[in-house]
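Participant: When I checked TrEMBL for this same protein, it listed these features:
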- 1-20: signal peptide (SIGNAL)
- 95-410: domain 'Peptidase A1' (DOMAIN)
- 113: active site (ACT_SITE)
- 300: active site (ACT_SITE)
- 336-369: disulfide bond (DISULFID)
């Protein structure tokens, strides 16, 4: 994957953040911004709250609160007509959509975060030095007649800062669906990670742990309020500038137009999370196994690339021929002339291979090829966790199946007019 030079650097400085009623949300492209060139990789880390369910897990089997819709054809959900809403693909680093909150409606651009159940937007009460009103839309509770306050505080930590404030409840509308009394955060400070992206806040598409007293997420409330017939959503992400179709979030079903094979499924393992178990991580040439059985993985749309345990990632990148860049971020680079012949990286799930080619895990910046697989030391839990971010989601059409308590993966279809980047 090759990105425009100035924007490619940004990637390493963002987050390290049938009968079914179906709604499609296609993703459009963004205009090119102007960026300064900072150091690599400091902020490319998943936020700490993504590990919260794993720290609390009692490892008991996950039970569904919702009955699955089993009306399928040849293993796939059948597609019905839906409502399309254009979203923005910001240079493969952030995918976001417009939503409205309140009555009358106040509009925000929010990033879809499958790693968290928390939705938040900036508050009109944010101090000017914490939220720049010239860059972000801000929610004003006094303008909405459907608003109510629940007097609970919230905070979400990122490497580049945090979002913090208090919770409110109001109507939230996306793609024509209005969720009533949805809990969300009014943030009084905004992390730097969204600066310049045109994005205001976050729409949490993760799961809540009701056993821990957490409030239902946006999608869980869509299901509980009967706004979608099937308790699942699916995501197809295109590659920026590839010439392929718009990216699509499908609420309430799966559209097999975007995938070229049947699904590989993995059962969820931890309450309140889309976590599932990995058998192992290996190279396609059989030269090494880098993560043994018992590791967990989560498909996380707030993480641009692949993030795994530091020691395992070091060995993997070395085996791929990577050279360590002298920096605190432990970034690896490759000889660009050898990238096309490098082996794939395989994530084994239920005995099946989910394989990423070098075009998926290598990022070219000017004439330097960097590894898009980064390591992080896990301080919060002893269980190894792999974050499969946007680079993985562009390679695999991904199904988040709340009703059957499982994840589904199918190789994303390569369209005839797509350009290999």
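Any Cβ shown, glycine's included, is placed from N, Cα and C.
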Participant: Quick one, of the disulfide-bonded residues 336, 369, which Cβ has the fewest other Cβ within 10 Å?
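Facilitator: Counting other Cβ atoms within 10 Å of each of the disulfide-bonded residues 336, 369, the minimum falls on 336.
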Participant: Just the number: how many Å between the Cα atoms of residue 369 (disulfide bond) and residue 113 (active site)?
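Facilitator: One finds 28 Å between the Cα atoms of these residues.
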Participant: Return only the integer: C-alpha distance in Å from residue 113 (active site) to residue 336 (disulfide bond).
Facilitator: 32
Participant: Quick one: what's DSSP say for residue 113 (active site), helix, strand or coil?
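Facilitator: Looking at the DSSP assignment, residue 113 (active site) belongs to a strand.
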